[in-house]
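Trainee: TrEMBL lists these features:
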COMPBIAS  A:1-17  compositional bias 'Pro residues'
DOMAIN    A:96-312  domain 'ABC transmembrane type-1'
REGION    A:1-29  region 'Disordered'
TRANSMEM  A:39-65  transmembrane segment
TRANSMEM  A:100-121  transmembrane segment
TRANSMEM  A:133-156  transmembrane segment
TRANSMEM  A:185-210  transmembrane segment
TRANSMEM  A:231-254  transmembrane segment
TRANSMEM  A:291-313  transmembrane segment
Amino acid sequence: MSAPTIPAPTAPSPARPGRPAGAAPGRRRTSLGRRLAPYGYLAPVAVLMLVLMILPVAVVIRYSFFDNVIISPTSVLVGLRNYVQILTDPLFRTATRNTAVFTGVSVLAHLVLGLGFAMLLNSPLLGRRTKTVFRTIFVMPWLLTVAIIAILWRLLLDPNGVVNFGLQSVGLIDGPVAWFSELNLALPAVTVMNIWAGYPFFMVSLLAGLQGISADLYEAAAVDGASWWRRFFHVTLPSLRPIIISMALLDVIWTSQQFPLIWMTTGGGPLERTEMLSTYTYKLAFSEYQFAQASASAVIMLLVALVLAVFYVRHQRARD
Amino acid sequence: MTTSNPTVTHLPARRNTVRTNRTLQKVGVWVSLLLGAAFAGLPILWMVSSSFKDNSEIFAWPPKLITENFSFAAYTSVFTDPVKVRFFVNSYVIAITVTVLTLVVAILAAYAFSRFEFRGKALVNVVIVGIQAVPPITLLIPYFGLIVALRLYNTYQGLVLTYMVFTLPYAIVMMTGYFNTLPRELDEAARVDGTSSFGALWRILVPISMPGIVSVAVYTFMIAWNEYLFALTLTRTDNMRTVPIGIQLLMGQHSYEWSEMMAMSVLGSIPVLVLFVFFQKFFIGGMTAGAVKN
């Protein structure tokens, strides 16, 4: 944090900044105005963030230490009881495990597919127009609303749907499969759907990163007789490392919070096989009206996200 | 591959190898491109194709990409149903309001970040980045109480207000980034001429920042148009539901109206797709600026 050298202004002063710094006497007013002006410009966002972020977070933390919040006018302080209940709930552990698998596999696949597509689109063997056309096609899943993606994949993966037809025609499966309701297939199915929905986010950023790598680096490597793989591992990957870390951290944060895709396809089922922390918390709050316990679960999710955010901010700082 | 054995081969032969290798590479790139396009595009193509089918043909075996009974019936039934039209009206009203309000607030804040030094700047910056990490579900529980207490449950205002918590952080980061690319001399020259700092923002910076503003607007619209969790929980009646929730309501009410759901999905995807096609350059530039380089 860069501490300003000027002491904070104490006198009340018009929010409107002073007159230009033309003459010497006007200087003081200008600098005072200049010091106060930014707070004026930040006032709307400060009010909104106070009402929409700081206050709600304080409220949810408070809820998590009470009993019967929201539904009952009298709620009692119960200390850590809600947290103990959540952390010892086997379903919470299942949800944590599912979220970890879902997030880990999704982020890895997003990275691999995103990098693959970005490198294709950066290939010197393709013309500009070809690149634009394919970039638009590749980015399309990311432009669809998650609710639409969920409905679309329910249609695609329906037992009588086109994916089952395709897999049966090539002999990969014997009969129709209900992907979203088979115990051992539901989690892979929602993961595949989420991979499809999210890889363009990596692709777009990695493509920008690839275009920023100096051609000299590749030429130098080519002169040294480096193979494609060596160039990939010694030039491409190291150059993209900062972007990859940023994207992966953001993707872990967001994927671990994914709600609509799960809610609209499996709803956490069958038999909690796709229960995620988000759906678990949502059900606690809005199906079972256990707002206090749901708040404890929501605070745990918040803590995890904030730890990841700290890594993200540190990484960003290190890059700048 | 090309350099595996350069010393023994004669020059003409080597040139041939290089050419075959290039052709092979080109074939490889094209095969991958087409496979990728199939992976990305076929589901979307199937969505469009299903929206023109009759509901009875949705699961025809074998499936057909183009049906003989091609019809706009699903679209007609969406457009003639006031409830479904209302979903779209709601989505447009909310997304456009959120976009306008976000732009105003974000431009003011970005101006402060870009052109002024002030106490706590670095901290506010970190908070804005950190906010992007807060899980929506964590906010939803207190919002539910807050929105009910403010009598904003099941209203446009409730959704507009809560959506801004997601749109503002990006918008501020992207807008600050854009302002930072513009030379300070531009607005400072105006200040010397006696313009107030707001005047310098409004008359000098805003007009030349249109590309940045457009990319922020497109991105904000997209976030608001796509939102699901808050719309699901903070509205109750059909006349307040947005498109993402409306599509879900078509599911399982009576039977699955697949063609209508797909028609609504196509219609629901069009605004963002159109914005993307028209503003592709701004869009990708803004997105990478916002997400990659905070």
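From the backbone N, Cα and C atoms, a Cβ is placed for every residue, glycine too.
Each of these features: where is it, how hidden is it, and who are its neighbours?
Mentor: Residues 117, 120-121, 126, 162-163, 180, 189, 193, 196-201, 203-204, 207, 260-261, 263-265 of the same chain, all 6+ positions outside the transmembrane segment (A:133-156), place their C-beta atoms under 8 angstroms from a C-beta of that stretch.
Beyond the transmembrane segment (A:185-210), the same-chain residues lying 6 or more positions past its ends with a Cβ under 8 Å from any Cβ of the stretch are 98, 101-102, 105-106, 109-111, 113-115, 117-119, 121-122, 135, 138-142, 144, 146, 149-150, 153, 157, 177, 179, 236, 239-240, 243-244, 246-247, 251, 255, 258, 261-262, 265-266, 269-270, 273-274.
Same-chain residues lying 6+ beyond the ends of the transmembrane segment (A:231-254) with a Cβ under 8 Å from its Cβ atoms: 103, 106-107, 110-111, 114-115, 119, 198, 201-202, 205-206, 208-210, 212-213, 217-218, 221-222, 305, 308-309, 311-312, 315-316, 319.
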